[in-house]
Amino acid sequence: MTTAVAASRALPATRRVELRKPLPTWKVWLVRAFAVALFAIFWEAGANLADSLLIPTFSSTMVALWETTFVTGEIWGPLAISNLSFLLGYPIAVIVAVPLGLAMARWKRFDKAFSPIVAVSLALPIAPLIPVVLIAMGLGITPRIFIIFLFAWVFIATNVRAGVRAVDKPLIEMASSFGASERVIWWKILIPGATPAIMTGLRTGLGRAFAGMVIVELIMLPVGIGALMLDYRGFFQADLLYATTIAVVIEAVVLAMLMQRLERRLLKWK
Amino acid sequence: MISIKDVSHRYTAKGREETVALSNVNLEIEDNEFVTIIGPSGCGKTTLMRAVGGLVQPTEGEITIDGQRVTGPHQQAAVVFQNFALLPWASILDNVAFGLELQGMGKADRIAKAEQYIKRVGLSGFERKYPRELSGGMQQRVGLARALAVETPILLMDEPFGALDQQTRRYMQEELIQIWEGDRRTVIFVTHDMEEAVLLGDKVVLMSARPGKIEEVIDVDIARPRDPEAVERSEVFAEKKEYLWRRLREMYQVTA
């Protein structure tokens, strides 16, 4: 009664069209190294030409970076202080914004209720709010966490919402035809289907949260890495100022890369 | 037995006039019968099929399956969708096992069953692939295997080969005949292809549009098992096809 017909008789699977030819890994790294070297050369030459107390050369910045991380180690304490607020603020933003985005996508009432707030938050620059928040919340870690939250949440919520809205409607109908409950539709259809957009939201939110962490320390509440940078500026230690900036950038890039790796793992079906 | 009694369905889309999708439809479908539904677009053929599956609740009349009234999605029928409706993030195996998973079947059992149906539709070796790696015809085999795997007595097929190219469609029709003749279920098969309707169906239900109603139920007295090529050469086939086209042409003349 079984009629198994060789699947090879069916049409071959479609292949993806590559817009650009892929590069071998070693070439990728070669190109990257070349770009960095070029940038370093221009920096070195430009700084030597300018000959200013405020513009360190590339080489002196690298030396300063080495010293502040491995010799004196003076970057670690402030970096830890800054990261503590980030490590609290970003997860809170995720925990609030992901369910909010999901709810907005699925229930009109939530959508209507929150869409004005979302629209305002998307348009509003957060930095001018920092003094207001500090007045309301004092000078502890709470206002810093709150500002990081403010920086990140709306980008997470809007991406999650868009992701759920973009899930193929026939998939929902298909699941109901097999007797899926609302809960099953959430876990088996909406959330997996929205995962690419959720990840985009998390990645964008991460960058925003990180920016928020540095900005609040630089402009109003000098603690952590922001305070360190302000000190270096005050003492004209331009090489250390640049080195610290680079260290912060490296951390941001590493976080983004970890995020991307997680994303790839979750989305290997793409 | 599926019994459709005095079923009408109207709905009002936002900012439009009321649409009568179905008007006074009466139809009885015997167990293990292969019924094809054909008609011009807007005749409510898909609505009728969905109503049997409980995906649409008709505004009037009732549909019963073995005496049980249909009030919502139920375990008696499985649907094969026109656009396949496969989960892009799930492997072929998980897609086929999806319905079984929703029924609460344990992992080992559902994998075994899914593999059995993957084999039946000729996709052995593709279990670990993702839908986008498969051609349209192969994707619809996955859709078919998923619907077969839950082993419901009724199979609802909504223009399942409509999105496929001509050759693939033809090939899938042959395979469906073979699979169905080896594993009979009650099938309601919606199509807009006259040859497909005659080739596959024991009965062809001809519907007309605005309002959607049944014009005629045509018996296709071609013996089973059917050899598609022999069927296509037969006089009965040509006759039925011609008759269908004559009736459909009349409908188009009225509306166009």
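Using the three backbone atoms N, Cα and C, a Cβ is placed for every residue, glycine included.
Annotated features in TrEMBL:
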DOMAIN    A:79-259  domain 'ABC transmembrane type-1'
TRANSMEM  A:29-46  transmembrane segment
TRANSMEM  A:84-105  transmembrane segment
TRANSMEM  A:117-139  transmembrane segment
TRANSMEM  A:145-164  transmembrane segment
TRANSMEM  A:209-228  transmembrane segment
TRANSMEM  A:240-259  transmembrane segment
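Long-range contacts of the transmembrane segment (A:84-105) within its own chain (CB-CB distance under 8 A, at least 6 residues past either end) are made by residues 111, 114-115, 118, 141, 144-149, 151-154, 156-165, 186, 190-191, 194, 198, 201-202, 205-206, 209-210, 212-213, 224. The transmembrane segment (A:145-164) shares more Cβ pairs under 8 Å with A:117-139 than with any other stretch in the list A:117-139, A:209-228, A:240-259.
Only residues 6 or more beyond the boundaries of the transmembrane segment (A:209-228), in the same chain, are considered here, and those with a CB under 8 A from a CB of the stretch are 74-75, 78-83, 85-86, 89-90, 93, 126-127, 130-131, 134, 139, 143-144, 147-152, 244, 248, 251-252, 255. Same-chain residues lying 6+ beyond the ends of the transmembrane segment (A:117-139) with a Cβ under 8 Å from its Cβ atoms: 104, 146-147, 150-151, 153-154, 157-158, 212, 215-216, 219-221.
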